[in-house]
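To keep things clear, I will list the structure first and then write my remarks on it.
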Amino acid sequence: MAAGSELAVLVACALLLAAACGGAPDDVPGLEVGYYEETCPEAESIVRASVSEAVAEDAGVGAGLIRLLFHDCFVQGCDASVLLDPTASNQRPEKLGPPNINSLRGFEAIDAAKAAVEEACPGTVSCADIVAFAARDASYLLSGYRVDFAMPAGRLDGRRSNASDTVPSLPPASASFTDLVDNFARQGLDAEDMVVLSGAHSVGHARCSTFAAGRTAVDADADIDPSFARSLRRRCVRAENSTGDPTVSQDAVTPTELDSQYYRNVLKRRVLLASDAALLETPEAARMVRDSARAGGRWEQKFAKAMVKMAGIGVKKAGRHAEIRANCRVVNY
């Protein structure tokens with residue numbers, strides 16, 4: 001057995017124990033923990049095995065899976081509409097929207113998990129639930145098993161996906177604190193949820209094109225550490241000359257760990273995005289950042305709770321606009 005496969009099996013076993021011991025999430029209307037216990041009892045362990053193997057090969061896939069849930073749920077609810085590929089009748093689905101194109105990752109990991117689940121339990125487990133399980137498992141793995149929670153299930157897959165829905169629904173990298181609060185409030189999430197979920201920026205990368213214009217200038221009024229701004233400018237310009245639109249780790253201290261280091265970076269004004277720096281715009285927001293920056297697992301617990309809450313946005317009910325897809329990339333016909 002290959003080393004990566006051995007690690008995947010070991011981590012999957014650890015995840016099984018974690019799910020049994022993790023804190024109970026708040027009730028999410030229409031969803032329940034252990035939803036597939038009778039119809040597909042191995043569903044969650046199958047997804048865990050697929051995710052652990054993908055993350056063992058590339059930690060960036062784990063960051064992509066967490067982000068994929070966010071970008072799915074904020075546009076029409078958690079219905080896997082972000083997974084749909086372009087077709088002759090729908091040439092611009094969500095994944096081709098400006099916030100998503102050449103940006104989202106993890107599609108192949110979802111494909112692998114879905115294929116394995118379909119082999120075990122055909123037509124039973126929705127792609128939307130697989131996206132939610134995968135984000136939960138990626139969080140657990142990248143946090144060193146500290147972000148530990150059960151994910152309720154019972155979502156259905158949507159049949160509509162349009163790139164035009166992405167820009168009004170997803171906050172831009174330049175968003176102010178007020179913009180962020182308003183955007184999250186439209187999804188039923190409060191200011192603390194927003195600050196806590198922003199901690200997902202402790203993993204993954206951002207393209208220079210998303211931040212360089214406003215975050216590499218050094219002046220007295222900038223909300224960024226001058227030495228950090230100069231470092232970003234050098235990295236982006238140097239790499240741009242050879243690769244076009246380079247990427248930079250969102251957390252230079254612990255780039256592959258989902259942890260509270262992100263908040264310490266915010267306090268030091270050493271973050272990539274203007275929307276990250278915006279978390280210090282009000283005294284109350286700054287207090288939440290300081291609270292999250294402390295060690296001891298408080299942020300990890302809050303992040304788990306906020307992930308479950310976010311994963312309950314806009315859950316589809318049975319009807320002609322909802323289904324369980326056989327292939328996550330295309331609607332059933």
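These residue numbers are counts, starting from 1, taken along the chain as shown.
Including glycine, each Cβ sits where the backbone N, Cα and C put it.
What TrEMBL annotates here:
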type	residues	note
ACT_SITE	His71	active site, proton acceptor
BINDING	Asp72, Val75, Gly77, Asp79, Ser81, Glu94	Ca(2+) 1 binding site
BINDING	Pro171	substrate binding site
BINDING	His201	heme b binding site
BINDING	Asp251, Thr254, Asp259	Ca(2+) 2 binding site
DISULFID	Cys40-Cys121	disulfide bond
DISULFID	Cys73-Cys78	disulfide bond
DISULFID	Cys127-Cys328	disulfide bond
DISULFID	Cys208-Cys236	disulfide bond
DOMAIN	30-332	domain 'Plant heme peroxidase family profile'
SITE	Arg67	site 'Transition state stabilizer'
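Within 10 Å (C-alpha to C-alpha) of Cys328 (disulfide bond) lie the following recorded positions from His71, Ser81, Asp251: Ser81. When Cα-Cα distances from His201 (heme b binding site) are compared across the binding-site residues Asp72, Pro171, Asp259, the shortest belongs to Asp259. Restricting the recorded positions His71, Cys78, Cys127, Cys208, Asp259 to those with a CA within 10 Å of the CA of Glu94 (Ca(2+) 1 binding site) leaves His71, listed by sequence position.
Take the Cα of His71 (active site, proton acceptor) and measure to each of the recorded positions Cys121, Cys127, Cys208, Asp251, Asp259: the nearest one is Cys127. Ser81 (Ca(2+) 1 binding site): 26 other CB atoms within 10 A of its CB, across all protein chains. Excluding Asp72, Val75, Gly77, Asp79, Ser81, Glu94 themselves, the residues of that chain whose CB lies within 8 A of the CB mean position for the Ca(2+) 1 site are, in sequence, His71, Cys73, Phe74, Gln76, Cys78, Ala80, Val82, Gly158, Ser161, Asp165, Gly314. When Cα-Cα distances from Cys121 (disulfide bond) are compared across the recorded positions Asp79, Ser81, Cys127, Asp251, Asp259, the shortest belongs to Cys127.
By a simple count of nearby Cβ atoms, those within 10 Å, the most crowded of the binding-site residues Glu94, Asp251 is Glu94. Sequence-distant neighbours of Asp79 (Ca(2+) 1 binding site) (same chain, six or more apart, CB under 8 Å from its CB) are Asp72, Ala128, Arg155, Leu156, Asp157, Gly158, Gly314, Val315, Lys316, Ala322, listed in sequence order. Of all the recorded positions in the list Cys73, Gly77, Cys208, the shortest Cα-Cα distance to Thr254 (Ca(2+) 2 binding site) is found for Cys208. Note: the Cα of Val75 (Ca(2+) 1 binding site) and the Cα of Asp251 (Ca(2+) 2 binding site) are spaced 26 Å from each other.
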